[in-house]
Amino acid sequence: MYTQGNPKLWTGRLDSETDPKQFRHFQTVKFANLENMENVSDKTGVGLLGYAVDKGVENNKGRIGSRKGPDIIKHEFAKLPDLSECEMLIDYGNVEHTSNHLRETQQEMARLSAKVIKQHKQAFLIGGGHDIAYAQYLATREVYSDASIGIINIDAHFDTRPDEPPTSGTMFREILDNDENVDYLVLGLAQGGNTRALYDYAKDNNIIYVYADELLHQVSPTIKDKIERFIHDHDTIMFTICMDVIDSAFAPGVSSPSVLGLYPHSVFEISKRVILSDKVSSISIAETNPDYDVDNRTSKLAANLIHHFLV
């Protein structure tokens, strides 16, 4: 079910009502109904769409609560200063899970996400469970029907399980098994978070991956080159971040916390190498779970990711 944006989430410190240089995002955001949107010829500004769904996490036997993530992240983002001089920032609201099957909700999210991608220079899709990535893929394929898609996932897990029904850990296998024009790069993989069967699947399907311990301090030129070559080799890039890749000292509020995860600055550095490419069609941030957060630490981190990614 689609619900429009909630203006009550968008509050913060008011430094000035007249000087744009003192504005924060809550002073510049606008709201719109995706169901009434008409196609545009030129992409402009930034669109936000939430995926207030944790059914996939529940199916994956994870800690539920990430359905609350989009609203909390938007609220934290609203407080941050407007430094990008973004020409347009629109909150389109959320998609919620009210149907009998997760797939139906993913398809609804995909339909609406495609509209955001077509409308904006930057489309931010905010989870919710990481099964948002399947909706993100469907939307990307709708917009770029014949393109080669490169999926870049900063994540502790492959998320290529063969389980049924679909979960927050199956979506990339579903994509790779059904679309030969997609490749997959995982950055931040936890050695203790993936079985041998998943490594075998990765080998059989040419999945490129980098372990978390290769990214702990400074991103090496070799890894930077790997990311840049992957981007170069594809027509469009679908970028997704699972917040559980970040060490639980910094991101405790996730569905599956990491004890040997990445530092936030490593995620920022890696992400900047991706975001700078005009091939990036959409960005999703998944698995923030406010029920397990401490001082809104994880939601603030997710909000700051969006803030730093604005171009």
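Each Cβ is built from the backbone N, Cα and C atoms, and glycine gets one as well.
Residues or ranges marked as Mn(2+) 1 binding site in Swiss-Prot (evidence: sequence analysis): H130, D155, D159, C242. According to Swiss-Prot, the feature Mn(2+) 2 binding site maps to D155, H157, C242, D244, an assignment based on sequence analysis.
Swiss-Prot feature annotations superimposed on the structure.
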{"residue": "H130", "record": "Mn(2+) 1 binding site", "DSSP class": "coil"}
{"residue": "D155", "record": "Mn(2+) 1 binding site", "DSSP class": "coil"}
{"residue": "C242", "record": "Mn(2+) 1 binding site", "DSSP class": "strand"}
Got a sec? Which of these binding-site residues, H130, H157, has the most Cβ atoms within 10 Å?
H130
Sorted by sequence, non-H130, D155, D159, C242 residues with Cβ within 8 Å of centre, Mn(2+) 1
A133, N153, A156, H157, S168, G169, F172, T240, D244, V245, A286, E287
Long-range same-chain neighbours of D159 (Mn(2+) 1 binding site), Cβ under 8 Å, sequence gap at least 6?
H130, A133, N153, S168, G169, T170, M171, F172, R173, C242
Separation of alpha carbons, D155 (Mn(2+) 1 binding site) and D244 (Mn(2+) 2 binding site) (Å)
7
With Cβ-Cβ distance below 8 Å and at least 6 positions apart along the chain, what are the contacts of D155 (Mn(2+) 1 binding site)? List them in sequence order.
H130, V186, L187, G188, L189, T240, I241, C242, D244, V245
Additional residues surrounding Mn(2+) 2, by Cβ distance to the D155, H157, C242, D244 centre under 8 Å:
H130, N153, I154, A156, D159, G188, G193, M243, V245, S256, A286, E287
